[in-house]
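S.K.: Next up is a structure, given as structure tokens.
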Amino acid sequence: MLGLSVDRLRADMNRLLALLFHQGVLDEQFLQLQQLQDESSPNFVSEVVNIYFHESEKLVDKEFSDYKKMGVHLNQFMGSSSSIGAQRVRNVCVAFRAASEQNNRPGCLRALELLEYEYCYLKNKLHELFQIEQQRILAAAVRYPVVQQQLQQHPNNA
Amino acid sequence: MEFCNCIEPPWPADELLMKYQYISDFFIALAYFSIPLELIYFVKKSAVFPYRWVLVQFGAFIVLCGATHLINLWTFTLHTRTVAIVMTTSKILTAVVSCATALMLVHIIPDLLSVKTRELFLKNKAAELDKEMGLIRTQEETGRHVRMLTHEIRSTLDRHTILKTTLVELGRTLGLEECALWMPTRTGLELQLSYTLRHQNPVEFTVPIQLPVINQVFNTSRAVTISPNSPVARLRPAGKYMPGDVVAVRVPLLHLSNFQIHDWPELSTKRFALMVLVLPSDSARQWHVHELELVEVVADQVAVALSHAAILEESMRARDLLMEQNVALDRARREAETAVRARNDFLAVMNHEMRTPMHAIIALSSLLQETELMPEQRLMVETILKSSNLLATLINDVLDLSRLEDGSLQLEIGNFSLHSLFKEALNLIKPIASVKKLYVTLSMSPDLPEYAVGDEKRLLQVLLNVVGNAVKFTKEGGISISAFVAKSDSVRDPQAPDFFPIPSDNHFYLRVEVKDTGAGINPQDIPKLFMKFVQSQPLAAKNSGGSGLGLAICKRFVNLMEGHIWIESEGLGRGTKAIFIVKLGIVGRSNESKLPFLHKSPGNTGKPNFAGLKVIVMDDNSVGRMVTKGLLTHLGFDVLAVASGDECVRVVTHEHKVVFLDVNIPGFDSFEVAVRIREKFSKRPERPIIIALTGNTDRMTKESCLRVGMDGVLLKPVSVDKMRSVLSDLLEHGYLVESQ
């Protein structure tokens, strides 16, 4: 039963990831991040993503009046987003930066709205992903003793 | 008689005579006394009198004479001895003084006389000077007039104004009745009346240039008096009055070429204009010499002013022309830029948009090929595959060509086996050749090295293209390929005489000749072969599948390999021989390779050993920093992550092998950090390798990074594999052989 749930959780996670890739919310860079996660840094991805959210709060909540400061923050945000593979967020940042360079206030406002929307969506989906991950780890941790016992039994019985 | 001690006068006293003598003596004495007084008076009055001593002498002489005569008055009657003694004394004195005076006068009188001659001389001189001054004054007047005229003439650069002003000023200065200028016509055979003083709109009057009077004037630089009846002087309708004297002078029309440096303008010019000046009629005035001189000088000045005006006109015309050309060039440049931009846009589109579906088609059709298919379906799929492969090749070719022309294509140098290259080419071409029943032979000279250093893929491409062309255009017979080392005395291309293959210690030149027994090429068409998109055989166009790009690309690849490619053919039906020479490195001698087998494929000997190697990552974006650090840790490095350039420079030591700098940070000069790191290690031989991480793909960033001294540039986002392969390259060779 627990074993099945691990598989089901993994399938759920893969399905969610596939959906996010298909929608273009995430790109290959996220896969790279996942590759970096191993025994020495088991929570690498979640750590990076947490730092990312932490940094981005600063930008998304800010009032903007000064286009230059906006541009600086935008660059940072763009860099972070491309480092973790948040493709759609990054694209909106690009549009936002173009609008701010042209001092196009309505354009900026529109882009900011879109940015907030995309960011929230990403955040929700990633939280969901991590939740499933956590559950899977828990389920896997629970599973091991059962499997080991089964394995221990089998050779004896063979 | 009494003894009175008197002296008797020598003669008897006659009363009347004595009375008269008495009176005369008295008057003489008076006169004698008054003369010196007058002299003294007037000399005192005059300012300068040089002979005072003489005057004193003279005065003394006269006074004594007077005294003598005065004393004589007493001697007419009886007089005492004292009187006689006084008389005698005075007479003696008088005698002495008068003799002295007489002697003195001998000296003085010639002097006094010469004063008179001097006075005459000075008067003559004064008269002469007066005359000369009169002359000079007239000359100065003339000079002033000339200066004023010149100033008027030269103050404008407009030809028309110059000439008009000349005539007006001359007329005013000399008081002329009429002044006219005749200019030569375009044909040079006639003189045309161009400007006159009094008539505002001169009638179009011409005279032939060969008149004797005109020749006479043109042959001398002086002003010449001419007859008022000559055709050039008949400027006014003939009146009842006697026309005044007429003078004509030539005005040379100079060109720029007449002004030699350091020389006065050569008057070898044949073009003259004629200036005619008419004195007022009925004035009995005559032409004076100074007036003629004035006219000549003015004529010269007019010539210079006219030439200046001509030069100015020419330079204005040239400037207008240049401006027009500038505008045209600007327009052409903008058009060219637009064209280049359009081409770049097109290429950008081609690059991504066309390749993606292409790859999809090829991948999916090859997948389809591996499934269960009916024979007709299989045939269809094979056709699809073949066509899409051709299309993909075409796209790649066009892209390669533009990258080649751009100069951004770089050869991928590596070690490869020459034998296997030729064998592969042979294997690829044999099937097609055998279908056409052509033989293919390959002969490789024994002195060819087994391995070489160069771009294997592109060399194969060139070889295949050349051999493919040979097969394509041969209907019967066969192809023979021969490869050997090019020597300096090998036969060269007659059209590229300065291409000398000079082998060195590290390089040798490979020469490949592909001879076919095909249709041959018209020697006239040979130069066009290497031009893009030109097909020289319209008849075979249906069977030839090429786009005309193949040979052009081959030529560029061969040029990149510092070689030469050319085609020889004796004519139609006589077969063709294609020859190319390329420069290849010798394995083991050059410093680019240490091992004989070094392939570029990753995953060579498993994971390269990075354990414990120290590196530094600088990025002010915490997410990026963490990602890069995680990447490098995953690969086994010992990573130190810093957030600022100052900290980076501070903590970097010689133990760190690589420093990664993020160069997207605005307001932050990562280049400066690189420079400072280099400076810190300028004295040590071992310095960390500096790599830039950037999201910008343009060349500018790459060039700036390399210019500042960074060892390589990596494009973010970096995958694990890419990082691994780049770092293993780096640490093995010490620099990035290939940086993307």
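Placed from the backbone N, Cα and C atoms, the Cβ positions cover glycine too.
The annotation Cu cation binding site is assigned in TrEMBL to B:Cys65, B:His69. Per TrEMBL, the feature ADP binding site maps to B:Asn469, B:Ala470, B:Val471, B:Lys472, B:Asp516, B:Lys532, B:Ser547, B:Leu551. Look at TrEMBL and you will find B:Lys716 tagged as ubiquitin cross-link. Per TrEMBL, domain 'Histidine kinase' is recorded for B:349-586. Summarising the annotation, TrEMBL assigns domain 'Response regulatory' to B:614-731. For B:Asp662, the entry in TrEMBL reads 4-aspartylphosphate. Annotated transmembrane segment per TrEMBL: B:20-41, B:53-72, B:92-113, in sequence order.
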S.K.: Relative to the Cβ position of B:Asn469 (ADP binding site), how many further Cβ atoms are located within 10 Å?
M.R.: 23
S.K.: Same chain, outside the transmembrane segment (B:92-113) by at least 6, Cβ under 8 Å from its Cβ: which residues?
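M.R.: Distal contacts: 51, 54, 57-58, 60-61, 64-65, 67-68.
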S.K.: Within 10 Å of its Cβ, which one of these recorded positions (B:Asp516, B:Asp662) has the largest number of other Cβ atoms?
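M.R.: Output for this query is B:Asp516.
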S.K.: I want to verify one value. Collapsing DSSP to three states, which class is B:Asp516 (ADP binding site)?
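M.R.: Strand, per DSSP.
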S.K.: Would you list the recorded positions among B:His69, B:Asn469, B:Val471, B:Leu551, B:Lys716 that come within less than 8 Å, Cβ to Cβ, of chain A, in the order they occur in the sequence, writing 'none' if nothing qualifies?
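M.R.: The recorded positions close to chain A are B:Lys716.
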S.K.: Sort the residues of the domain 'Response regulatory' (B:614-731) into helix, strand and coil with DSSP and give the three counts.
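M.R.: Reading the DSSP string over the domain 'Response regulatory' (B:614-731) gives 54 helix, 27 strand, 37 coil.
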S.K.: Would you please pick out, from the binding-site residues B:Ala470, B:Leu551, the one with the fewest other Cβ atoms within 10 Å of its Cβ?
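M.R.: Across B:Ala470, B:Leu551, these binding-site residues, the one with fewest Cβ atoms within 10 Å is B:Leu551.
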S.K.: Counting distance between Cα atoms, which of the recorded positions B:Cys65, B:His69, B:Asp662, B:Lys716 is nearest B:Ala470 (ADP binding site)?
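M.R.: Nearest by Cα distance to B:Ala470 (ADP binding site): B:Lys716.
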S.K.: Relative to the Cα of B:Cys65 (Cu cation binding site), which of the recorded positions B:Val471, B:Lys472, B:Asp516, B:Asp662, B:Lys716 has the closest Cα?
M.R.: B:Asp662
S.K.: Please identify, among the binding-site residues B:Asn469, B:Lys472, B:Leu551, the one with the smallest Cα-Cα distance to B:His69 (Cu cation binding site).
M.R.: B:Leu551
S.K.: Round to the nearest Å and give the CA-to-CA distance linking B:Val471 (ADP binding site) with B:Asp662 (4-aspartylphosphate).
M.R.: 53
S.K.: With the residue listed as '4-aspartylphosphate' as the reference Cα, tell me which of the binding-site residues B:Asn469, B:Lys472, B:Asp516, B:Leu551 is the closest one.
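M.R.: Given the candidates B:Asn469, B:Lys472, B:Asp516, B:Leu551, the nearest one is B:Leu551.
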S.K.: In whole Å, note down how far the CA of the residue listed as 'ubiquitin cross-link' lies from the CA of B:Asn469 (ADP binding site).
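M.R.: About 42 Å separates the two Cα atoms.
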